[in-house]
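> Below: one structure in structure tokens.
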Amino acid sequence: MANRQQPSSMPIHKYGRYDQVDIPDRTWPNQRITQAPRWLSTDLRDGNQALIDPMSPERKRRMFDQLVKMGYKEIEVGFPASGQTDFDFVRSIIEEPGAIPDDVTISVLTQAREDLIERTVESLKGAKRATVHLYNATAPVFRRVVFRGSKDDIKQIAVDGTRLVMEYAEKLLGPETEFGYQYSPEIFTDTELDFALEVCEAVMDVYQPGPGREIILNLPATVERSTPSTHADRFEWMGRNLTRREYVCLSVHPHNDRGTAVAAAELALMAGADRIEGCLFGQGERTGNVDLVTLGMNLFSQGVDPQIDFSDIDEIRRTWEYCNQMEVHPRHPYVGDLVYTSFSGSHQDAIKKGFDAMEADAAAKGVTVDDIEWAVPYLPIDPKDVGRSYEAVIRVNSQSGKGGVAYVLKNDHKLDLPRRMQIEFSKIIQAKTDAEGGEVTGSDIWAVFQDEYLPNPANPWGRIQVRNGQSTTDTDGVDTLRVEATVDGEDTVLTGSGNGPISAFFDALAKVGIDARLLDYQEHTMSEGASAQAASYIECAIDDKVLWGIGIDANTTRASLKAVVSAVNRAAR
Ligand SMILES: CC(=O)SCCNC(=O)CCNC(=O)[C@H](O)C(C)(C)COP(=O)(O)OP(=O)(O)OC[C@H]1O[C@@H](n2cnc3c(N)ncnc32)[C@H](O)[C@@H]1OP(=O)(O)O
Ligand SMILES: CC(C)C(=O)C(=O)O
Ligand SMILES: [Mg+2]
């Protein structure tokens with residue numbers, strides 16, 4: 001079919017193509033991610049520096065504690081040379097016994113300027129594990145516009161900065177500090193690959209990584225500029241060409257300018273990266289850093305342990321919202337208010353069938369649903385695994401069908417409506433949503449259901465109200481029924497016989513001019529134990545109408561008689 005799109009008036013001439021990488025024997029597309037990478041949270045640095053109102057010390061501390069609790073072992077805690085707030089925060093967690101667990105490494109960022117480096121290293125005095133992270137931009141525009149220098153000048157900034165970090169670490173930090181070093185060629189994404197490699201090699205020549213002396217080389221997509229596949233090609237190229245690769249922790253730091261940071265991080269891992277830097281819920285400069293929650297949960301949903309605890313995602317979100325003074329979007333993967341919710345009919349139908357199938361499969365295997373592989377349509381993970389309930393999984397509006405309404409009744413009231421009754425009731429709900437618009441809540445649905453099918457003792461309606469009944473079965477299997485009832489406002493006694501209590505009741509009704517025929521009958525228990533209730537569903541042809549009734553009672557015979565009454569009354573309503 002022809003593409004009928006027309007040229008736009010957008011100024012496309014202002015933008016150039018991003019260079020591809022010449023790496024035809026790339027191997028990353030065939031790799032699988034089978035284990036969690038090293039994670040670094042930069043919420044307290046890259047995340048914080050992007051806030052309108054940077055975090056107060058109290059908020060920083062809340063976020064730090066949250067990150068520790070979740071299991072992050074590398075946390076960038078600030079830019080101590082930026083001012084007193086960040087410096088004092090770093091000092092406060094180092095000085096408070098137990099604030100930084102022994103297995104957590106804190107990291108701090110600095111520009112490659114001597115005064116800033118000195119202050120940065122000074123902030124780390126007494127820390128058990130600490131990394132200084134030095135950066136300078138290496139891309140052509142930055143060389144020309146920001147630093148106004150040649151490639152060699154820019155490389156020299158990185159080399160001198162590295163040497164200064166080592167000198168100040170030697171001078172200011174004692175043996176109690178396990179010291180680490182990280183270098184980032186900022187704007188790696190726009191830096192010529194061979195020059196990024198040259199700068200990283202020059203930095204390594206100074207730092208001399210080796211056995212027991214790792215260097216972290218972090219290759220940031222400071223501004224995301226390419227498809228994730230080209231980003232992965234660049235990582236594979238760097239990984240292949242770096243010397244001393246076994247002593248290098250190759251780190252990825254995607255931003256989300258093109259909206260593909262998560263994919264960029266995942267493909268970079270496939271291309272050989274060892275470590276990911278990002279922020280919870282994608283906080284960070286402009287469109288954000290890569291979202292560590294989505295990345296971790298993506299692993300989880302594929303059966304790979306992220307080694308981070310997301311089991312109370314709403315608590316994590318609350319802390320994050322408090323610390324950042326921002327709100328998580330309702331569609332945010334894994335955490336948004338609506339991400340486990342379906343409004344539309346075919347989705348709800350499939351979800352309900354999925355839950356039913358999980359229960360049946362687990363029962364067949366003699367285990368619980370938590371012991372079998374998750375396979376519910378439209379729900380990539382079990383919401384319970386992140387602390388959510390099933391309550392919001394299905395919500396009903398004008399786009400919903402029978403499956404959604406049936407799900408709500410089953411989930412909230414243990415009523416498993418027969419399929420044709422689902423269709424009948426869903427039309428009643430649809431009439432309401434079409435007329436009124438908006439959502440019908442679970443309690444709205446229940447109110448409509450009660451009004452439609454169940455007697456209201458306070459305000460009885462319909463042709464019949466039944467009080468007491470007796471049923472006896474003789475030796476030939478004939479049931480005789482005697483029921484005290486009110487029919488059309490008059491107290492009367494109904495009697496009838498048949499080959500079961502329901503047909504005996506139909507016989508009794510026929511004698512007072514109510515012509516009802518049984519079409520279908522289903523029942524199920526609603527709960528277990530001595531006080532168990534049963535639900536009976538009866539489909540009847542009454543005059544020229546076909547309709548359902550329901551009865552709920554501890555006694556199944558009474559439940560079925562109530563169901564007949566429900567249908568008869570509805571027919572005359
Ligand atoms: C991609 C990133 O996220 S990088 C991290 C960015 N984060 C931050 O900057 C937050 C904290 N920063 C700050 O508070 C301030 O920048 C400070 C206090 C550290 C420094 O402030 P100032 O001294 O006023 O310098 P300013 O930030 O404007 O830096 C610009 C100067 O540093 C130079 N510079 C910038 N980055 C670097 C670097 N990585 N290494 C060396 N020099 C650098 C610039 O060329 C410029 O030099 P010039 O004045 O000679 O033209
Ligand atoms: C400091 C560096 C790593 C950075 O945040 C970036 O380039 O985005
Ligand atoms: Mg960044």
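Placed from the backbone N, Cα and C atoms, the Cβ positions cover glycine too.
A quick note: this is a predicted structure, and the numbers were derived from the prediction, not measured.
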> Which candidate from Asn30, Asn289, Asn298 does TrEMBL annotate alongside Asp46, His253, His255 at the Mg(2+) binding site?
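Site partner of Asp46, His253, His255 for Mg(2+), according to TrEMBL: Asn289.
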> Work out, from DSSP, the number of helix, strand and coil residues along the region 'Regulatory domain' (456-573).
28 helix, 56 strand, 34 coil
> Taking a cut-off of under 6 Å between Cβ and any atom of ligand 2, tell me which of the binding-site residues Asp46, His253, Asn289 pass.
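Those binding-site residues that pass the cut-off, since their Cβ is under 6 Å from ligand 2, are Asp46, His253.
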> May I have the list of same-chain residues other than Asp46, His253, His255, Asn289 whose Cβ is within 8 Å of the Cβ centroid of the recorded Mg(2+) site, in sequence order?
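Here the non-site neighbours turn out to be Thr42, Pro220, Ala221, Thr222, Pro254, Ala261, Glu277, Gly278, Cys279, Gly284, Glu285, Gly288, Val290.
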> Give me the non-local Cβ neighbours of His253 (Mg(2+) binding site): same chain, 6+ apart in sequence, Cβ-Cβ under 8 Å, ordered along the sequence.
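Listed in sequence order, they are Thr42, Ser184, Asn218, Leu219, Pro220, Ala221, Thr222, Ile276, Glu277, Gly278, Asn289, Val290.
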